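Chemist: Copied straight from TrEMBL:
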ACT_SITE  ASP130  active site, charge relay system
ACT_SITE  HIS203  active site, charge relay system
ACT_SITE  SER536  active site, charge relay system
COMPBIAS  190-204  compositional bias 'Basic and acidic residues'
DOMAIN    11-96  domain 'Inhibitor I9'
DOMAIN    363-450  domain 'PA'
REGION    188-212  region 'Disordered'
Amino acid sequence: LVHCGSTARNTYIVFMDKSAKPDEFADHSQWYSSMVRSSIASVTPAASEGGEERILYTFGTAFHGVAVQLNEEEIARLGQRNGVVSVFPETVYHLHTTRSPLFLGLESEDSTSSWPTEVSEYDVVVGVLDTGIWPESPSFNDTGLGPIPARWKGECETGRGFEKRHCNRKIVGARSFFRGYESASGKINEQSEYRSPRDQDGHGTHTASTVAGSPVKGANLLGYALGTARGMAPGARVAAYKVCWTGGCFSSDILSAIDRAVADGVNALSISLGGGVSSYYRDSLSVGAFGAMEMGVFVSCSAGNGGPDPISLTNVSPWVTTIGASTMDRDFPATVKLGNGQSFTGTSLYKGLGNLSVDKQYELIYHGSNSSNVTPSSMCLEGTLDRHKVAGKIVICDRGISPRVQKGQVVKDAGGIGMILSNTATNGEELVADCHLLPAVAVGEKNGKIIKHYALSNSEATATLAFLGTKLKVRPSPVVAAFSSRGPNVLSLEILKPDVIAPGVNILAAWTGDLGPSSLSSDHRRTAFNILSGTSMSCPHVSGIAALIKSHRPEWSPAAIKSALMTTAYVHDNTFKPLKDASTALYSTPYDHGAGHIQPIKALDPGLIYDIHPQDYFDFLCLQGLRPTELAVFAKFSKRTCGRSITQAGDLNYPAISAVFPENPNVTAITFRRTATNVGSPNSTYHAVVSPFRGASVKIQPDVLAFSAEKKAITYQITFTTKSRQTAPEFGALFWKDGIHRVKSPVVLTWL
C-alpha cells in the first residue's frame, strides 16, 4: 500500500529568508511563485503552472513570505526548499468584545482641552485591524483637518457599499482582507455581508472612533451617556483594515493587513482581537507585531475577556502593549423592587415603550432549583422557557453560555414582560450595562442570590423594575473589570502582563447603521452610537494615546511610548485607596492591572524611560528555548544571530520587574539590570525607593542616578535575596524620584 497525504487544500503561512532569493528572479514575488509551482504535486505538468493562483498573499514589508493554499504533500515539499524559514497552518482569532477623555484628563470639565494640541497630531495615522468602518458616522467628520500627510501611502479600496468618496481627511485608508477567510469558509455571501471595508458588525466602527473620533456634541445611546463623544486623538487619522468576518478573523488575513499597514505608513496599530496563548513563534499576531515593531510601529492589543480566571491572558509578547479593562466613574443605575419591600440597585441601558410601572408589582419567576446552581432554563437558553409559566411575568435569568441580550430576547419571545439578569460567581459584583429589547436590570451575584431565594421561597413573589438614566462621579473608580484577562504570563513569567489597564466598561462610541444596539438581528432600532464593554474597548484608548505621545515625541520608539505609559500609571482609585477587582471587591494586583491605570498627561513627561531595541527583543527570544528554525521566524534573514545584550530573560529592559526564584533552594539571590534613559531636564538626579518584601531583601546599585547632557542613560542593578520563601507571589514597586517625576516599576517576586 502506498500512503498518500491528504489532497484537501489548507491555507499555510510560509515565512521566507528574504536574502536567499536567487539572482535569476527579478523580484521576491516571482521567486515565491516559482517555489510554490514546483512544489505542487501533480501527475500532469499543466497543473503545476498555477503557483500564482495558490498564493493568497505576499508579504514584503514587516516580514517576508506568502500565505498559500496547498495540501499536506505539497506543503511538506515546499517546507524543504532553500529559503523557507518556517511553515504554519492558518489559525482563527476572535474579537474581544464619551466620558473617557474627561476621565483620563484629556479634557477638563469646561470642555477646554487639557492636552497640549499641536499640528503634529494631524500627521499621525492609527491603523485599526477589526470589522471595518461605517464612514457616515459623524465621528469620522473631517472638518478642520489639514491635508493628508504626504508620506501616507494607504488607499481607499472599493467594494459593495464602499466607494472612494467614503474616505476623507479623517479616514485616510480603508482596506479589506478576506482571501484567508474565503479559502476556509467559502465565498462571502455579498447579500448578507459586505465584501468591502464597510462595517456591518459595529465593533470596528466603535474601536476606530475610540482611537481618533472627531468631537460629536450631543452623542448618546437612547438618551444614555449624553455628552460630547470624541476619540483619544481627535486630530489623528484612521486607517481601517477589515480582517474580521462573520466566521472569525483568520491569521493570513491579519498578517497581510499588518504588512500592508506598515507599508502604508501607520504610526500605531490597534488590534482588539486574539486567540489562545501559544509559543511566540506559533502566534501569527505575535510574529506580525514583531515585524511592525522593528519598523517603529507601536502595537497595542487587548488582553482578552477571560477574567477573572488567572492565566487567561492573550497577546503577551513583550513587544506588544497588552491592555486590560477597567471601569470609569459613570454608571447607568436601575433598580429592582421586590414585593417584600426590598430594593436592589443594578444597571441597564433599556429604553422603550415597554416600561413597567414603578407603582405596580408584577409576578416574578425563576426557573432554577436553587439560588446557586445554574441550569439551561435558569440561564434562559433558547427553547428552555415554558410560555405558560413565563407569560406576563418578570423572569430571573442567570448569566452564562448565551449573550446577555439574547436571554432577554428569549424571555420576550416566551411572553415575559421583564428580566432580572443575575451574575454568577464568575462575574461577581461587576455590572455591565446592555441595551436590552425588554425592560431588564443586571444585578451582582450577592443581590442575585437574595432575589432568587425570594422567588423560590414565595409562591406569590412579585417585583418591578425602574431605570434611572446616567450617573456621574461614581466611587470607587476605576475598578478592574471582572472580565479583564489576568496574569501571570506563563509563556514568560519574567514579563509581567497585562501592561496597563484603560477604560473598557460601558464605553460610548460610534456604531454601524446596519445593526441595532443589542447586535441581535431582531433588534430594528438604529443608533449613531452604542455602549459596549470589553478589552476590545480599552485597547483603542491606549492606541489613541500612543498616537498623541508619538505626535509630541516623534523620536520615541514603541518601547519608549510603552514605558512612559507604564511608569506613570496609577494604582489608586478616586477614593485614594488601592485599585479594586470587580470580581472580588478586594484589592487588585499587578496580575490584574499590570503597571496600573493609564494617565495620558503624565505619560507625555515621564522623566525616565526604559527603551528596548529590536535586537534586545530577539536576544530575549534566544533565551526562550526556541530552536534555530523557530527563531528564524523573527530573524527574517539567515545572518541574524543571538547577541549578548541580555543573559537572562529578566534582563530585558522592561518597565516592570518580575523575579522568579527556581525550586532549587540554593538559588537565593537574583540580580537584574535595567537602563534608564533621561527624557526630562538634562541635569537631573533620581533617588531610588523600593517597597519592602516579606520574602526578600532588595539592593539597588547605584541607588542614585545623576544625569547630565553628556550622560543620558544609566544602567543600574537590582538584587533580590531570599529571606524566607513565600508560598504566594509578593507584589511591590520600585520608584525613581527627582522631586518632580515619580518613575514607578511594578515588582513581582515568585518562588516556584
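Any Cβ shown, glycine's included, is placed from N, Cα and C.
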Chemist: Based on DSSP, tally up the residues of the domain 'PA' (363-450) by helix, strand and coil.
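Modeler: In the domain 'PA' (363-450), the DSSP-based counts are 20 helix, 20 strand, 48 coil.
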Chemist: For a three-state summary based on DSSP, what are the helix, strand and coil counts in the domain 'Inhibitor I9' (11-96)?
Modeler: 32 helix, 29 strand, 25 coil
Chemist: Are there any residues in the same chain, six or more apart in sequence, whose C-beta is under 8 angstroms from the C-beta of ASP130 (active site, charge relay system), and if so which?
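Modeler: Sequence-distant Cβ neighbours: LEU95, ASP199, HIS203, GLY204, THR207, ALA208, ALA240, TYR241, LYS242, VAL243, CYS244, SER270, SER272, LEU273.
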Chemist: In the compositional bias 'Basic and acidic residues' (190-204), how many residues does DSSP assign to helix, to strand and to coil?
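Modeler: For that range the per-state counts are 2 helix, 1 strand, 12 coil.
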Chemist: Within 10 Å of each Cβ, count the other Cβ atoms and name the one among the active-site residues HIS203, SER536 with the highest count.
Modeler: SER536
Chemist: To what whole number does the mean pLDDT across the domain 'Inhibitor I9' (11-96) round?
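Modeler: The answer is 85, the mean pLDDT of the model over that range.
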